[in-house]
Amino acid sequence: MTHIYNFSAGPAILPKEVLAQAAAEMLDWHGSGMSVMEMSHRGPEFMSIYKAAERDLRELLAVPDNYKILFMQGGGLSQNALIPLNLVGHKPQPATIDFIHTGSWSGKSIKEAAKYANVNVAASSMTSVPPQSEWKLTPGAAYLHMCTNETIDGVEYDFDAGVPAAVDGVQLVADMSSHILSRRVDVSKYGVIFAGAQKNIGPAGVTIVIVREDLLGKALPACPSAFDFKLVADNESMYNTPPTYGIYIAGLVFQWLKRQGGVAEMEKRAIAKAELLYAALDASDFYETRVAKQSRSRMNVPFYLKDESGNEAFLAGAKARGLLQLKGHKSVGGMRASIYNAMPIEGVQALVDYLNEFAGRRHSRESGNP
Ligand SMILES: *Cc1c(COP(=O)(O)O)cnc(C)c1O
C-alpha cells in the first residue's frame, strides 16, 4: 500500500506509536484484565491514567500552580457558551465581551456569546491578525476573546511579536484548539485557554480548559452544573463521568510529546514544516495563498489553485499518492493542508513534491510540451 499522509483539519492525524500502544493495550490495560473503556472513572486504574495526563499536560505547557486543568466534554464550540456563563458573572450585568474577529471560529464565538452578554468586535480581519494598536477595547470588559489559530482561514497569532500580552488588565480568553502544544505559550498571560482535543491532542470528545483559579465560582445561575468550571475543578473533572477513553489517548499523546522533546521541539518542527510548504506555494505561480505572511498559520495551510478548474484533478491525484483530506473547508473552498504535531516532515515533503509535479504537468500540457 502507498504510504498514507493524512492532512485532515480534524479529527486529525495521531502519532502512529500512540495508536499502536492503544491497540496493544485495548483488551487488557497493564494487566488489569480490563480495557480502559470498561474502567470506573473513580477506580485506582483510571485515576492513575487521569493524574498522569493532567501532570504531563501541566509540565508540557508549564501551567502555573494557580491554574486548574479541566478535562471536559462538549467540544470547542460549547465553550463559546460555557465561558460567558462562567466568566461574565465577575462583572456587573449586562457585561460586555470584547472579541478579535480573525476568521470562522472567532466568528462563531461572537454569535454565541451574544446570547449571554453584549459583544464588541474590537478588531476584524480574515487575512491577518489586526495590529494591537488598532484594537478598540471596551473599558471594564468581562474579557477579551481571541482564536489564536483560525483552523479554517489559516490565520495564526504571532506570539513572538508580543501579541497577545495582557491588554490593559482585561482578561484574555484564547481558543487554542488547533495549535495547542505546537508552540510555547506563556499561560500566565491568560485567564482561560481552551482546546477541543481532535486537532492536536487526541480523539473528539475531550475538551481541555485551563483556567486561573480566581476566575472560578461566579458562574451565572443558568450555567449547567456539569459545566460550572468550579464544580468541575473541585471534582478533578469527575463531577460527571469524563470522556475516559479520550483522556487516556490524550495522555498517551502527552507522553509521546515528552519523548519527542516537548513543546519547544514541536515548535521547531512546526516552523520547519510550515516553511517548507509555504516556500513551495510561494515559488509557484500556479498556487496562491491569501493570508498575510506574518499571520500565516503553521498548522493549517489553506491554498488555492489559481485555475480552480483543476481542483478535482488535483485532489484525485493527491489521493492516488496517499495524500489524503486536502480539500479546503466548504465555506472557503480551495485546498487546506493541516500539518499538526503528528505529521512528519516527510509527509510535508511528499505534498511539496506533488505540488511541484502537478503544477509542472499542467504547465507542460498548456504549452503543448509532452
Ligand atoms: C475545531 C475547532 C472548534 C470546534 O470544535 P468542536 O469540537 O467541533 O466543537 C473550535 N475552535 C477551533 C479553533 C477549532 O479548530
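Glycine residues also receive a Cβ, built from the backbone N, Cα and C atoms like all the rest.
Note that TrEMBL annotation is computational and uncurated.
What TrEMBL lists as domain 'Aminotransferase class V' is 4-351.
Under the heading L-glutamate binding site, TrEMBL lists Arg42. Counting only same-chain residues at least 6 apart in sequence, those with a Cβ under 8 Å from the Cβ of Arg42 (L-glutamate binding site) are Met238.
Summarising the annotation, TrEMBL assigns pyridoxal 5'-phosphate binding site to Trp105, Thr151, Asp175, Gln198, Asn240, Thr241. Around the Cβ of Asp175 (pyridoxal 5'-phosphate binding site), the number of neighbouring Cβ atoms within 10 Å comes to 28.
Annotation for Lys199 (N6-(pyridoxal phosphate)lysine): spatial neighbours Ala9, Gly10, Ala12, Thr151, Ser177, Ser178, His179, Ile180, Met299, Ser338, Tyr340, criterion Cβ-Cβ under 8 Å with sequence separation of six or more. The N6-(pyridoxal phosphate)lysine annotation in TrEMBL covers Lys199.
For the binding-site residues listed here (Thr151, Gln198, Asn240, Thr241), the lowest count of other CB atoms within 10 A around the CB belongs to Thr241. Ligand 1 lies under 6 Å from the Cβ of the following binding-site residues, listed in sequence order from Thr151, Asn240, Thr241: Thr151. All protein chains shown were included, and the count of other CB atoms within 10 Å of the CB of Trp105 (pyridoxal 5'-phosphate binding site) stands at 22. Trp105 (pyridoxal 5'-phosphate binding site) falls within a helix when secondary structure is assigned with DSSP.
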